Amino acid sequence: MVKRGKKTKYLFVTGGVVSSLGKGLSAASIGALLENRGLEVQHLKLDPYINVDPGTMSPFQHGEVFVTDDGAETDLDLGHYERFTSAKMTRRNNYTTGRIYQNVIQRERRGEYLGKTVQVIPHITDEIKAVIREAAGGADILIVEVGGTVGDIESLPFLEAIRQMKYDVGEENAVYAHLTLVPFIAAAGELKTKPTQHSVKELREIGIQPDLLLCRSDREIPRDMKDKIALFCNVDPSAVFTALDVPSIYEVPLSLHREGLDDKLAELFNIWSRAPRLERWETIVDKVKNPRRGEVRIGIVGKYVELHESYKSLNEALVHGGIANDARVKLAFIDSTKLEEGDLSDLEKVDAILVPGGFGIRGTEGKILGVKYAREHKVPFFGICLGLQMAVIEMARNVLGLAGANSLEFDEQTPHPVVTLMEGQKGVTDKGGTMRLGAYPCALKEGTKARALYGADLVHERHRHRFEFNNDYRAQFEAAGMVFSGVNPDLGLVEMIELPGQHFVGCQFHPEFRSKPFAPHPLFAGFVKAALEHRDAQQRQPPAEVKKLAVGKNG
C-alpha cells in the first residue's frame, strides 16, 4: 500500500489511429482496478479544443456535458471516472486548451511574467504541468487522459508537457499508456498491426516512449502478434494488452484485469498493493448479462436521439436502475420532432416514457405530446430538467385550460408563462458558465413519492438551467392535482413535481450525474420499478388501440 506522504505517481493515457477508441473508459477502468487494490486514485482529462469548457458546444459535436458538484461543465469522460471509482470530480479535473491559455493570458495581464515573451514552451507547458500537479490532490495515483489523437496539432502542447513530467517526477513516478486500434480486416481474414506501429512511431517522434500498449480489438490478439507489436514499438512483450470489445462497459475492468494490466502497472510504478477485490464488479456484470426479471423498454423522447453520447449519463443511470431491479433496460430513442407529425405509435411500444433535459424550441411540441400520452395512458413518466418544464406546460394547456401556455424560453409573448426565467438570470448576456450550475439543496415533502424514493427529507442534486416553474401559477396547479414534492429551501424554487395515482415524476435537476452501478440513483431505480410493474400489468390485458393526438400551435 502506498503511504501518505509519498509522491503521487502519474499514469498518462494517450490514444492513436482513430478517435473514440475508449480512452475515457480505459482510464476509468484502470482507476477502478487500482482503487480495488487499495490505492487512492484521482483523474484528470485534458481536452485540446480552444473552448474554455464544453458548456456551449452542441451535443452533436461533443456529446453530453457532465456537471460536477461545484458547478463545472465538463467532458463526459468525467462521468465515467465518477461511476467507476469513488473519486469526486470538480472543475480541477478537466482542463481545455482554452482554459489553459486563459490562465496564462490573465497572468500576463497582471504582469506576472516580468516582461518576458510568453511562449508555448515554457509558459503554456508549465501551466499544463501545474494543473496536473494540482489535480493529484495528494492521491496515490493520478490518471491523466489526453484527449484527441496523437498527431493532432492541437494536442502537441499537452503531449510536450507530459513528456517533461517524467523528467520532473522521476522514472518510477510516471508511466505512459497508449491506446491504439488493431483492426480485423475481413477480406484478409487477419488482424493488422501496422496502424499501431505507425501511431507509436508518431508518439516517439514527439519524445514519448510508451511503457504499455492497450490494443483495442474485437477479438483476442494472439501472443505472437503481441510479440510483433512489442518488437516494432520498442515495448516489453509483457506490456502489450488486448483491450477487448465486451458487451457491457462494466466488464472492461474485469477484461483488463484478466490481461494482467493492473499487475503490470504495480510493477512499473514499483509499488506493492493487495490483489484487487473485484467481486462486486463480477456481481454487476452478472446482473447486466443475466437479469432475472427480463427486459423492460424505456422510451427516451428527445431531439438528439441520433447521437447516444448526448445522453451518456442518462443512459447509464437507466442501466443502473435496471441493475437495482434485476432487469435489463432496453432504450428506445424516440425523435420528438417526428411525434409532431401526429403518429404516436412508438410510444405504445414502451413500458415507460422519459423526457430528458435539452435546450431550444425544436422538438418541444413532440415532447409535450409524449408527456400527454404518458399522463392520459398512465404510462410511468419521468421528466428531467426541461422534461419537468414540458410536463408543466402540458398540464397547463390540457388540464388547467390555459391556452397558449408556454415557457418564456420558447415564446416571450405567451399569455401564460408557466415556466419563467430565474430572477438571477435576468440581465445575463454571456452564455458560457452562467446558468444555475452545480449542487443545490432540495427539501422533500412528507408523504410524497419523491420522499419515499429518497428516504430522506433533504437531498442535494446537480443543476444546469436558466428557467424555472413560475410560482405565480402554483395554486392553480395544486388545485388541479399536481403535487410539488421538492422545493429549494432557500429560494422556494420548485425542484420536483408529481401526480398522484400514477408514477408521474419530474425534477428540475439532473439525477443521472449522481448514479453509479453500485449505488443506483433512487429516482431511476423507482422509475424502472414502475416500468416493470406497468409491463407486467400490460401483459395481463389486451393491447389498447393507439390514439393519434392532433398537434396544435402551442397546444
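From the backbone N, Cα and C atoms, a Cβ is placed for every residue, glycine too.
Per Swiss-Prot, the feature active site, nucleophile maps to Cys385; the stated evidence is sequence analysis. Cys385 (active site, nucleophile) falls within neither a helix nor a strand when secondary structure is assigned with DSSP, and so counts as coil.
Cβ neighbours of His510 (active site) (same chain, under 8 Å, six or more residues apart in sequence): Val67, Ser313, Gly357, Ile384, Cys385, Glu461, Arg462, His463, Arg464. Annotation source Swiss-Prot lists active site at His510 (among others), citing sequence analysis.
Secondary structure from DSSP puts Glu512 (active site) in a helix. Sequence annotations record features per position, and here Swiss-Prot assigns active site to Glu512 (among others) based on sequence analysis.
Counting only residues at least six positions away in the same chain, the Cβ atoms of Gly16, Val17, Thr180, Leu181, Val182, Leu213, Cys215, Ile229, Cys233 sit under 8 Å from the Cβ of Thr196 (CTP binding site). The annotation CTP binding site is assigned in Swiss-Prot to Ser19, Asp152, Ile153, Glu154, Lys192, Thr193, Lys194, Pro195, Thr196, Gln197, Lys228 on the grounds of sequence analysis.
Residues or ranges marked as ATP binding site by Swiss-Prot: Ser20, Leu21, Gly22, Lys23, Gly24, Leu25, Asp77. Taken residue by residue with DSSP, Leu21 (ATP binding site) is part of neither helix nor strand, so it is coil. Taking the Cβ of Leu21 (ATP binding site) as centre and 10 Å as the limit, one finds 18 other Cβ atoms among all the protein chains shown.
For Glu409 (L-glutamine binding site), the same-chain residues lying six or more positions away in sequence with a CB closer than 8 A to its CB are Phe359, Ile361, Val419, Leu421, Arg466, Phe467. The L-glutamine binding site annotation in Swiss-Prot covers Gly358, Leu386, Gly387, Leu388, Gln389, Glu409, Arg466.
Per Swiss-Prot, domain 'Glutamine amidotransferase type-1' is recorded for 297-537.
Annotation comment: Swiss-Prot describes 1-271 as region 'Amidoligase domain'.
The region 'Disordered' feature in Swiss-Prot is assigned to 535-555.
Note on Lys194 (CTP binding site): other Cβ atoms within 10 Å of its Cβ, all shown chains, come to 11. Of all the binding-site residues listed (Gly22, Gly358, Gly387), Gly22 has the fewest other CB atoms within 10 A of its CB.
Taken over all pairs of the listed ATP-binding residues (Ser20, Leu21, Gly22, Lys23, Gly24, Leu25, Asp77), the Cα spread reaches a maximum of 12 Å, rounded to the nearest whole number. Taking the Cα of Glu512 (active site) as the reference point, the closest of the binding-site residues Ser20, Lys194, Lys228, Gly358, Gln389 is Gly358.
Of all the binding-site residues in the record (Ile153, Lys192, Lys194, Lys228), the one with the smallest CA separation from Leu386 (L-glutamine binding site) is Ile153.
The number of other CB atoms found within 10 A of the CB of Lys228 (CTP binding site), across every protein chain shown, is 17.
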